Ligand SMILES: [Zn+2]
């Protein structure tokens, strides 16, 4: 794009352009999170990675889900650590019920309060009478039943313990009380948070929550806001903290607001209108909720990142009037590397879009009038642009399916992100680059008369279209307008100086902010959403490329450039193939369960594994495929059905111990009372039905769920996580027109204990996350026929046969 429209870019310019783009990509990548260095080794007043890991090592030494033995040990350890800091610590022991999940448990939240030590904060002129407290939150239970919980959420607990210790040690002033809430039973329905918000007297004091979470074992940590109102006051304050690695943008904020969320913070926002910041990392998703969630696999840099937020925000929010953080307005925001967080009001997004589209139309008309642009050029530009984007989408789709064909056992990893996932993302991105460059080179060669500026018209139009959709439906993504800066500037320049085009180096300089903001996020979309959406990464790559390629194809062509890309592709393929397959460090998830039908005495083993393996084969080698055997005995949903099952000899289990009575309220309306005495091994007591019935209310030990009744079709409708062996009284009222079957299930995670003949898993296999595994389940049916007086009682009333 120099004097002569179609001349090639000089070698010097090409070298500068190459370095600028490469430098921006590296900067974008490196500035996402701190290094893994352990700072402040011997400084008592500073956060220390080592000290934080000492906590994580203790917390994550055993699975410690709510109800497990190690759970109590972890509880006691955290209490003792907080006491060592001089805090008054209490355990909130209470029954918690979640109206979202119809789940309940007796929880043990760890709660501590550090009273304010200063009444004269710089930014509060008059002393507030309704001063709010700052809450630091994470959860200490691990996921059921095999997770070690080092990242989820041992990392969060350790970050809070160590940051608070350093804060107190350095004798910092704080005008707000600081409340520590280490919740219990997060993994079984956000129950600890529910109990705190509903029942704890301090809940009304909380003005802001900083919550620390994990959905993997590595990667950068994102800041995600939760608020019922606008974000502008929160963003304003967050900016003041100058956190060293602010990784945040309002696209995530907007998407997050549209989705049903499930972190402890959601309960605070939803039920008590308390604002909060989530700090969460999501990479290495394959470790999430597994026995691989170990201290060793938690990235040091990730922990540093979590700590960097808290260390910067704690002194700030401990001295901020937390009543001032509510605002109606929303801000668009994004981090520009780790230099700064840029923000501007949501209300600007639509006007900016209107101005840009007007500018485009005017420049187009003037260009056509002056014949610097041609209609043919405009229309032809859509050929490479659309072909590039569509073929990139195809490449992403094919890469994923090719990898599934190469290694069908990929689908045994239920997280949707496999060990070779990063290689696969890199491969899809590289192939998009190679293919899109070839498409542009070919079109440019074919239609040599079209100028680079004309090639840019179609990509500009496409990006305007995207920004139009954003302005109307996804305002938080408004910052993607950055991608229009370079092409619209080039267009404007050609009007001002008709004989000259914008210098290619200037063009790339104008593109850099867009590249810096969008490029590092491209892999994150797939890491966040799963590899089956790999095409999102390749499509986004292509959308970024089409505003650069008209320049790129004018760059001097060297074979080595092409060869470098091809070599990188080859490296990705090799990386993919090497990391395909399971090993000691990349374990295959595998589930195996024992199920007893208490009514018939029929016993069976089943798995959710898509493929049998050496562990499941020992009992299921001759199994039936599918879920038929289990049907009606263990509830299932359409997307998670047992895959292999086999009848086995019943084993000796502690029985399902309950008494049931039913009262007929009206002809079709019934109250059932179940007094269940959990066995020492019992982990959860559940109710399920496959019948159409209206469950009007459920209560546990006299405490009722606050939500409205629900019509029930299939599956579980109530889950109680057992953390004490005392009997629980479950009462529910339902209406039904026909005979109904209600299943009462008692699940224990003691398979290895009760089946000592089972050979333990080899080192390359681990218990499956998200799916029931290592469990023994006793399931009994309570039948009732509304119109048949003879059967007008629940059966069986006694405890189950063994
Ligand atoms: Zn968690």
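Placement of Cβ uses the backbone N, Cα and C atoms for every residue, glycine included.
Looking at 293-310, 311-328, 455-472, 599-616, the stretch flagged in TrEMBL as transmembrane segment turns out to be 455-472.
For the domain 'Peptidase M28' (129-311), the predicted model reports an average pLDDT of 95. Remote same-chain residues near the transmembrane segment (533-553) are listed as 1, 9, 17, 21, 384-385, 388-389, 391-397, 399-400, 424-425, 428-429, 431-433, 436-437, 440-441, 444, 452-453, 455-456, 458-460, 462-463, 466, 483, 486-487, 504, 507-508, 511, 514-515, 518-519, 521-523, 525-526 (criterion: CB distance under 8 Å, separation of at least six residues from the stretch ends). For the transmembrane segment (423-443), the list of distant contacts is 380, 383-384, 387-388, 391-392, 395-396, 399-400, 403, 455, 522-523, 526-527, 531, 534-535, 537-538, 541-542, 545-546, 549-550, 552-553, 557, 562, 565-566, 568-569, 572-573, 575-576, 579: same-chain residues at least six beyond its ends, Cβ to Cβ under 8 Å.
The stretch in 455-472, 478-496, 565-582 that contributes the largest number of Cβ pairs under 8 Å to the transmembrane segment (378-403) is 455-472. Counting residues 6+ beyond its ends, the transmembrane segment (12-30) has Cβ neighbours under 8 Å at 337, 503-505, 508-509, 512, 515-517, 519-520, 548, 551, 555-556 in the same chain.
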